[in-house]
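Per TrEMBL, the features are as follows:
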- 9-29: transmembrane segment (TRANSMEM)
- 49-67: transmembrane segment (TRANSMEM)
- 79-101: transmembrane segment (TRANSMEM)
- 121-137: transmembrane segment (TRANSMEM)
- 157-175: transmembrane segment (TRANSMEM)
- 181-201: transmembrane segment (TRANSMEM)
- 222-242: transmembrane segment (TRANSMEM)
- 262-284: transmembrane segment (TRANSMEM)
- 342-363: transmembrane segment (TRANSMEM)
- 370-389: transmembrane segment (TRANSMEM)
- 395-416: transmembrane segment (TRANSMEM)
- 428-448: transmembrane segment (TRANSMEM)
Amino acid sequence: MSEVRKKSLVATVYIYIGFVFGAINIFLFSRFFLPEQYGLTRVLLDLTILFASMAALGSPTLLTKFYPYYRDRLPAKNIDLIVLALAVGTVGLILLIIGILAFKPLIIRKFSGKSPLLVDYFYMVIPLTMFLVYFTILEAHAWNQFRSVVSNLFREVVFRIANLVIIVAYLLHWISFHTFIVLFSCLYIVCFLGLLTYMLYKKELPLSFRISPLTRRLWKKMTPYVLFILGGNIVLMLSQTIDGIIISSMLGLEYTAVFALASYLCTVIVVPQRSVVSLAFPIVARAWKERDMAKLEDVYRKSSINLLLIAAFLFTIIWINFDDALTVLKLDPLYRESKPALLFLALAKIVELGTGVNGQIIITSRKWKFELYSNIILLIFMLPVNYILIKYYGLIGAGIASFLSLTLFNTIRFLFLQRNFQLQPFTAKTIMAVILPVAAYFLIVYLVNIPNPWLNIFVRSVLFVGIYAFAVFKWRISEDAIQVFHTLRGRVARMRRR
């Protein structure tokens, strides 16, 4: 796990820098934009993520899965896999645009009542989707070159800085809201061009327009793989975005904005997963190629315990300070309605992170078709549950639906890996990682309740961090966390000696 640990720390730092800017953006959206305006930006991104998963036609995963074979058998200048992926993505985008034009009347009928603003700006998803597809393909290639830190920088930091710039321009009345949305739809262009320039500068983007003999030989394997992964990706992205889309249709963009706050706080929890997945993906793919089961088990178990510890830590910090934070930020009281939904959304993410890189292990294995099957099960369960619970219970219904669905989904994946490959991520330390944040939470809530919200946030946070860190090191729950701490302490000591 050391090769993952070395770079994942840097990647996570970049991602959290992005989330600092993201938090500023969320604050400005929540404080100075109308709820329906903020809700519009959220549902546009939800639709973009869903449409991009369709239009990409599985090409990013194709790159990750088959690149090790190309790297071992062809010189870099003759690798045509990148051009092939870009061509597939372009075909997918053309088909998507045709579909959007064809289904426009249905979209108007579903959203015109509760979310008329979305109908006015629906076409803005086209440029957003187009450049997200191209960026995702280029990002997959960057992962193969072990440049995931750089791709994370553009996806997490540059995107949010560009977003902040246009928010400030709107708040200063330099641009209208219409111009703001037009510029918002161009944000992924900045990320794509930035990563493209970097890869060209590093001379790590060979483009061969001749079909190689290896591609001709692997084509029959690639085609069914891409079709299955495409189906799986669409189902997975639909399951991840369907709650926001249903809320905007049934409750309106105002409640989409409220739900977006809870969803954003949950994305803070899953930040470590993004860096670990981007680094572990090529390692897992190579381990399967070399039939290194010990390596797979090591990555699986360590990703599980480390991600569980971090997710539980982040959620508890957020939860104990949620009410005080809203008071300090002076947000609209409407946003307090996001708290019950936040609880269940966060628990769903903790379950997902606690099961480690199970999806990446499945998708790169010889039984990769199960990726589609498991995602179909998730969607079949999630669609009616979301609709029913949102209809009768509103925002908290969306949170409960997410928790139930992801728990079922990851249980199925866990059982599949255990039965077929004798791989499972849990140890006795997993139980300790679950007990620790729960015990620390109740202890702190019982001991600390200061009327001043600023002071209450500070004291609770410091006390929780101290208890959590002490327990992790005392019980040696994560060897990786201990090694990272010693590495950082050594570097600080060397800097002081200078």
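Note: Cβ is positioned from N, Cα and C throughout, glycine not excepted.
Please treat TrEMBL annotations as automatic predictions, because they have not gone through curation.
Long-range contacts of the transmembrane segment (342-363) within its own chain (CB-CB distance under 8 A, at least 6 residues past either end) are made by residues 61, 65, 229, 232, 261-263, 265-266, 269-270, 272-273, 276-277, 280-281, 284, 296, 299-301, 303-304, 307-308, 310-312, 315, 318-319, 322, 370-371, 374, 396, 398-400, 402-403, 405-407, 410, 413-414, 416-417, 421, 423, 425, 430, 433. Nonlocal intrachain contacts for the transmembrane segment (370-389), taken as residues 6+ away from its ends with a CB within less than 8 angstroms of a stretch CB, comprise 228-229, 231-233, 235-236, 238-239, 242-243, 246, 359, 362-363, 397-398, 400-402, 404-406, 408-409, 412-413, 416. Taking Cβ pairs closer than 8 Å, the transmembrane segment (79-101) reaches residues 51, 54-60, 62-63, 66-67, 70-71, 123, 125-126, 129-130, 133-134, 137, 140-141, 205-212, 215, 226 in its own chain, all 6 or more past its ends. Counting same-chain residues at least six beyond the ends of the transmembrane segment (121-137), those with a Cβ under 8 angstroms from any Cβ of the stretch are 40, 44-45, 47-49, 51-52, 55-56, 59-60, 63, 82, 85-86, 89, 92-93, 96-97, 100, 104, 107, 111, 154-155, 181-182, 184-189, 191-192, 195. Sequence-distant contacts of the transmembrane segment (9-29), counting only residues of its own chain at least 6 positions beyond either end whose CB sits under 8 Å from a CB of the stretch, comprise 37-38, 41, 148-149, 152-153, 155-157, 159-161, 163-164, 167-168, 171, 257, 260-261, 264, 267-268, 271-272, 274-275, 278-279, 329, 331, 484. A Cβ distance under 8 Å defines the sequence-distant neighbours of the transmembrane segment (157-175), meaning residues of its chain 6+ beyond its ends; these are 14-15, 17-19, 21-22, 24-25, 28-29, 32, 183-184, 187-188, 190-191, 194. Counting Cβ pairs closer than 8 Å to the transmembrane segment (49-67), the top stretch among 181-201, 222-242, 395-416 is 222-242.
Same-chain neighbours of the transmembrane segment (222-242): 46-47, 49-50, 52-54, 56-59, 61-62, 65-66, 88, 215, 363, 368-369, 371-372, 374-376, 378-379, 382-383, 386, 405, 409, counting only residues six or more beyond its ends whose CB sits under 8 Å from a CB of the stretch.
Same-chain residues lying 6 or more positions outside the transmembrane segment (181-201) and placing a CB less than 8 Å from one of its CB atoms are 40-41, 44, 121, 124-128, 130-132, 134-135, 138-139, 141-142, 145, 147, 150-151, 154-155, 158-159, 162-163, 166, 169, 175.
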